[in-house]
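Notes for the one structure printed next.
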Amino acid sequence: CGPAPPLPSVTPFSRTPGFSYDMSATPSAPSFLTENPAGDGGLLGVDAGPRLTGPTPSQSRFQVDLVSEAGAAAEDRSPSSDGSATAQEGPATDPGAGGEEAKGRFRVVNFADPSEAGSAASPEGGAPGEGLQNGDTVMSETSLHSSTGGQHHYHYDTHTNTYYLRTFGHNTIDAVPNIDFYRQTAAPLGEKLIRPTLSELHDELDKEPFEDGFANGDELTPAEESAAKEAADSKGVVKFGWIKGVLVRCMLNIWGVMLFIRMSWIVGQAGVALSCLIVAMASVVTTITGLSTSAIATNGFVRGGGAYYLISRSLGPEFGGSIGLIFAFANAVAVAMYVVGFAETVVELLKGVDAIMTDEINDVRIIGTITVILLLGISVAGMEWEAKAQIFLLFVLVTAIVNYFIGSFISVKAKEPAGFFGYDGSILWENMGPDFRGETFFSVFSIFFPAATGILAGANISGDLSDPQMAIPKGTLLAILITGIVYLGVAVSTGACIVRDASGSLNDTVSSQFMTNCSDAACKFGYDFSTCKSSKDGCTYGLQNDFQVMSLVSGFGPIITAGIFSATLSSALASLVSAPKVFQALCKDNIYPGLGMFAKGYGKNNEPLRGYILTFGIALAFILIAKLNTIAPIISNFFLASYALINFSVFHASLANSPGWRPSFKYYNMWVSLAGAILCCVVMFVINWAAALLTNVIVMGLYIYVSYKKPDVNWGSSTQALTYHQALTHTLHLSGVEDHIKNFRPQCLVMTGYPNSRPALLDLVHTFTKNVGLMICGHVRTGYRRPNFKDLANDQARYQRWLLRNETKGFYTAVFAEDLRQGSQYLLQAAGLGRLKPNTLVLGFKNDWRDGDMMNVETYISMIHDAFDFQFGAVILRLREGLDVSHIQGQDELLSSQEKSSGMKDVIVSIDTSKDSDAESSKPSSKATNDDEESKAPTQPLLKKDKKSPSMPLNVSDQRLLEASQQFRQKQGKSTVDVWWLFDDGGLTLLIPYLLTNKKRWSDCKIRVFIGGKINRIDHDRRAMATLLSKFRIDFSDITVLGDINTKPKKEHVTAFEEMIEPYRLKEDDMDQDVAERLKNSEPWRITDNELELYRAKTNRQIRLNELLQEHSSTANLIVMSLPLARKGAVSSALYMAWLEVLSKDLPPILLVRGNHQSVLTFYS
């Protein structure tokens, strides 16, 4: 290799405090990293010969290579020159790992500078297998059990010198744009690479790079994984170009049996003009569909599954799944149609030589069955054989068509009795108009239309095309053009040289003296076929009567017979291949769970053998019908339903205006596609309204089934895009409309913390906001020295999924903040969007307010004041047992729902360990996993939370708390919701119970209203309230006027209250004024003597109200009561908290409500 070129000097890193550098020694020369797991001449493609020095941009990249065998990885070498540092011992290669484990590994390979190849030649470097490592790039491996399921990632220690890891000359691991970063899987076109994550490039150096497995959340779905596996096994797979794969298939499928044995009959029935119209109408439908197919096929990489793949990836699994099943079935029935066409021709031949086996119908069945068995054999032999057979059949078919046109110019005397006289204007004129006999225009159209339905034959084998994006548009549209021209040519040609009726008898010549009575075009040529027309049996020849007219006209009859065989067999073969391929793709996506067995493929081409057998069975059943004109309309409807949806897909995707919809095929128009979809639906009903109705019922039935099953797939369909587009449009539109009192809805910001930590709060609010108003679960996360915003984003997605799984219609929003109040202010200001913003703050009651730091009470009360400052209503829910269950679930279930990584095994974060606190923050308190929970209540029954989680003993209070937390999920029995509407807050106190009792769960509960009044005006007040409620159209069962609210409470209750507030009093009269002021400033929650005296009456009212509540509402299912207000800055938080405590203690569930004093009810229409 020659001497090594001089090396740049490398300065060793000095150890900086706070950072650790994983380097064993200072290198004197770089070693060159090579890797060749596959033995293909070296992954890096480095030549050992002399090179120019200096890095080349294209040769230094950040790259990932899929390592397929651990054994091969173990043979990597790391040669280095004399002074090279010994490679560190490390698990950079793992020769002991099993092959299966190694398959899923990704290794990051940073290209070193190829100019240093010469320096890597010395044999005195580190021993083989010491690890992929050198002085400049320290490589380590971490096994991170992240959401990817424990993928192993090899990564470079970015702390060390990356001199040789350059992207166009800069010392960076930032990667240049590369197609391989954008692949979904290890697709057939190349391997997927993973670009450096934002964290690797942006985070501080003490953070671990490669924390999160796949860079962009590109976890593979099961379907993609199987596609990746197929791609890995795809050596030697047969792939077709646009001619062999699409053009040939489409032409063969379109030129079916109809061309030879029904086209002439159609001309006889409809006439030349209307026949051309029929061909043109069919061509318009197929051309529009061809354009739409081309647009979808060029909007991204197309896999196997044809029409099903195109529709499902555009419109989503609901439409895709329903049409995929129908399309596969239609193709299976099409096999029967083409085989019956073939069998009919064979029977005609047998009849000609008197060789009928039983009778005509049964002969068709026998021959059809034998034929379909042979075709199955060719299909099962593989795509290669099938493709060769198709080319041969096309050659025969084209020869037959040419043979017909040549024959039409050769006038033969012997053929005249059968009605063929050569091209003549009078014959063309006579055949120009229609002559329907037992048919109508649309019935004739329905028989012709299946002849145009082969346009998806190429798209159906999209998985077997080398470049589907180019092949499908080119081949499909060219096939439609060529076949359309040929159909028109045959229609005009037959109409211009063959009469409608002929006897086939030479005796029907007419002499010149009788010419005056003869008016037919045949008279001109000396024939009069009027006798057979008028006879009972009718004529047997001519366009109307003889299906084999084209054989008669052609230059050499048997070639036409061969053409019929070729057309029917090739179309049958194409359909027999299409149906299983489409069905296999459908089954792979697992949309219909019971059909998974048909997804299995065999051989290098992944042939769906089970699908072939199923298709064969369906085809055989329809072959037994043995009537071509019965089978054709059935298929027409199924194909048209598919075409309609393909056209609709393009319209829908264009309408959704998604940035992902950018087909490279530009010759489409959304409105033309919509017209095509409507046209397809119209044609369906025209052909056979009953069959069309049945088809639509089947499609809708399958659609509803798939919608109900909700398959776990996300294909970025246009349905998603349109939903977003509509939501955005409506939200913007809503923002431009002023609020109206009639449209008021309670839109609640519920301070739940983690949504599963306060189930009762969530359930109750969800009951009255479901399908009525907005619910946002607010979560303030505090106590973090350095907030991890990445975790916040992950939790956002995780808990939103949790809400959806629990069928809770709401949103989860979390914020990091210094304390709970600051976080709640963030949420009050920023939660929501436009008019979809909260207007009511919902809190849990702070049951433990006397146990902890009183500054928490200050924060809690301040949140209520803030809500009023922001013009929000406030709602507080209190349950006797408490709300917060996170200390029960927190150890196992809550954490498993948070899906913590295995790196957290030793320490778990217990969420909100203070029981029944309202604090929506989650302060991480490290708690050893082996907490002795049993010590709480060793004798209590075990509560099994989950099959997987271990059972935990619960003490009595926890057991009660858990039961109470579920109470709003159950149907509420015949009881009451007591509304204590003491102060008019705009009507929110009345609206919430009304909304609750409208729901099924609360429908048996009656509303009882309690109001304050004067003893001497009780009847008057009751009547006034009844009038108001009836005007509001709110049902109530009873109104109670309380005249004794201002009566003094019982002495023992007052004493109990004073004892409760004793620890929180300032007692400023017993100390110096300065000392009192300092204490009040440092502890603002303290109750002054002055304020206690000032609000004595209000205090007594709260105590008295609790007595009245105990007396009147102790059996209610829910109490809804006006929340007492405290003037900000005048009433200390401890006193206000004491009021709420004494008002709501020892009662059934109580909801303290205070609106923002804007009317939310009106009696005007």
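Heads up, the Cβ atoms here are built off N, Cα and C, so glycines get one too.
Record features, source TrEMBL:
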{"type": "REGION", "residues": "1-101", "note": "region 'Disordered'"}
{"type": "COMPBIAS", "residues": "23-34", "note": "compositional bias 'Polar residues'"}
{"type": "COMPBIAS", "residues": "115-125", "note": "compositional bias 'Low complexity'"}
{"type": "REGION", "residues": "115-153", "note": "region 'Disordered'"}
{"type": "COMPBIAS", "residues": "134-150", "note": "compositional bias 'Polar residues'"}
{"type": "DOMAIN", "residues": "157-209", "note": "domain 'Amino acid permease N-terminal'"}
{"type": "DOMAIN", "residues": "245-749", "note": "domain 'Amino acid permease/ SLC12A'"}
{"type": "TRANSMEM", "residues": "273-302", "note": "transmembrane segment"}
{"type": "TRANSMEM", "residues": "322-343", "note": "transmembrane segment"}
{"type": "TRANSMEM", "residues": "364-383", "note": "transmembrane segment"}
{"type": "TRANSMEM", "residues": "389-406", "note": "transmembrane segment"}
{"type": "TRANSMEM", "residues": "441-463", "note": "transmembrane segment"}
{"type": "TRANSMEM", "residues": "475-499", "note": "transmembrane segment"}
{"type": "TRANSMEM", "residues": "609-628", "note": "transmembrane segment"}
{"type": "TRANSMEM", "residues": "634-655", "note": "transmembrane segment"}
{"type": "TRANSMEM", "residues": "667-685", "note": "transmembrane segment"}
{"type": "DOMAIN", "residues": "758-1165", "note": "domain 'SLC12A transporter C-terminal'"}
{"type": "REGION", "residues": "913-954", "note": "region 'Disordered'"}
Legend entry - Beyond the flanks of the transmembrane segment (322-343) by at least 6 residues, Cβ under 8 Å: 256-258, 261, 305-308, 311-312, 363-365, 367-368, 371-372, 375, 450, 453, 460, 564-565, 567-569, 571-572, 575-576, 578-580, 582-583, 585-586, 591-592, 614-615, 618-623, 625-628, 631-632, 634-635, 638-639, 641-642, 645, 695, 698-703, 705-706
Inset, instruction - Report, as numbers and ranges, which residues of the same chain sit near the transmembrane segment (273-302): CB under 8 Å and 6 or more residues beyond its ends. - result: 184, 187, 189, 263, 266-267, 309-310, 313-314, 432-434, 441, 444-445, 448-449, 451-453, 455-456, 459, 462, 465, 468-469, 472-473, 476-477, 480, 484, 487-488, 491-492, 495, 640, 643, 646-647, 649-650, 653, 660-665, 667-668, 672-673, 675-676, 679-680, 683
Legend entry - Positions on the same chain near the transmembrane segment (389-406), where near means CB under 8 A and six or more residues out: 244, 248-249, 251-252, 255, 259-260, 378, 486, 489-490, 493, 550, 553-556, 559-560, 562-567, 569-570, 573-574
Legend entry - Tertiary contacts of the transmembrane segment (441-463), as residues 6+ beyond its ends and Cβ separation under 8 Å: 240, 245-247, 249-259, 262-263, 266, 269-270, 274, 278-279, 281-283, 285-286, 289-290, 293, 297, 302-307, 309-310, 331, 334, 337, 383, 434, 471-472, 475-476, 479-480, 483, 487, 571, 574-575, 577-578, 581-582, 585, 629, 632-633, 635-636, 639-640, 642, 683, 686-688
Inset, instruction - Note the mean pLDDT of the domain 'Amino acid permease/ SLC12A' (245-749), expressed as a whole number. - result: 83
